[in-house]
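Report on the structure given below.
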């Protein structure tokens, strides 16, 4: 059997050793080694650093993975992630995120919950048709998955949406913990087992060959009951068994043991893929996910930036980079097919679209993740980067400097704008490209240098806006310490008519928001307001995020509890003027809320949401 070993030049000890464990894989190129030399600045010797490129993704079969070390990444950003308060996405935004997930190379995209609303149904269908039939490298095509409760209506809706993809999947679930069965479902164990078995069989009977089943709240379920119900759904045709720690209750050792015991005690488990879905209520979602993988799970459910219900989900970037960084050494050789150089761009896209800011000290993608301020650390970094960096920032798509030498400025042309945005992960053309370019030119007239972060902020503000009901034309404010601030706002409605209003307030932003309210005449409550400087300097672009809640209507029904939830809507704005940035964000949130109201009125159907 072939093997590859790289030794340390001084100690002679192995740095990396690779020996294929599966004889069927000996003819495939899984590693492409690229030795490079990293030198100490004040030393006379060099240390060879061996890096490897992305491994080949094994051919997809629903219930089997040819390479036992390969781990599938299931991205549920568009389903569970969107359930974060204020993270409501438009159909176009969901499509853009799905495209970016495909660039990442995720194996499965859970595109939504089609039965929750007609809007979600159409969004999942659009993603299935476009992203699920895309042309990618090495014959890769992502699986497109739709969530469904264990009932025929939900399953029919899910199949209606995902069947257009080359690789469609239905993900159905029912609760299995005593507290859920007794108080929420009001069903006996036998009834729950029969419902799960019959609905998995029904999903297979309508033509779906890839069916995932989740026993909701598995982390608090009786293990013996889990083995039984999982065995029954395997017999009914399930291809993936997802084990959700729905309330983030377990600790890593406990969750790893649960996965191991399921593999050891569930009849027929050798014919399916075991999956994990870990919530972050105790801050253990990444650790639990890795523990599950070490115990035998070969599908990991994650979200970009870890967004999701309550405290969020296991973070895609953390899980993937942990496997990349420690997979060979301590995680049994586990690896994924993720192109990690798209991680940072994916994070920024989801941050901009969802309006959920990434905390500066967030692992992997936070603003401080690769920043060194301590004098001792800085000294070490100057001598050798490996002293305080276990991950190269370039591995996630973060370039320390503009290596191309191309600087964006007011003299740059539109022909440079398109490839630059493509480099940043955005495919835009036509009117969207023109609008972005002229917005960029406007900023470039006032700002000497336009950074990548500036472009991303302008992209989010100009392109990732909901279908406009109202459009900001002008805003003029007067403020100071001598009296109330005043604001005059001009908005354009969908028919092109101008509306002007004036108001006073305790500050320029408050006055401007009150002027907008006088025009729109829709009562809302401002729940959150935040502003960040995109870059450094007095000429930095200000990025604003607001979260609002409508006073009338705008509710959704929780699919599991039946509870009425007051839906919130976020809006983002970007401009060098903080008042204009603030008003853009507020108008964007209002547009999203009013578009949602029109859609619900058109379909005359309440929306549902689901948690697993």
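Cβ from N, Cα, C; glycine included.
Noted in Swiss-Prot for the protein shown:
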- 80, 277, 313: divalent metal cation binding site (BINDING)
- 71-344: domain 'Pyruvate carboxyltransferase' (DOMAIN)
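Known features from Swiss-Prot, placed on the structure.
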residue : record                             : Cβ neighbours (10 Å)
80      : divalent metal cation binding site : 27
277     : divalent metal cation binding site : 30
313     : divalent metal cation binding site : 30
For divalent metal cation, residues beyond 80, 277, 313 with C-beta within 8 angstroms of the site's Cβ centre include exactly 76, 81, 244, 278, 279, 301, 302, 303, 308, 309, 314, 612
Under DSSP, is residue 80 (divalent metal cation binding site) part of a helix or a strand, or is it coil?
coil
Secondary-structure category, per DSSP, in which residue 277 (divalent metal cation binding site) falls:
strand
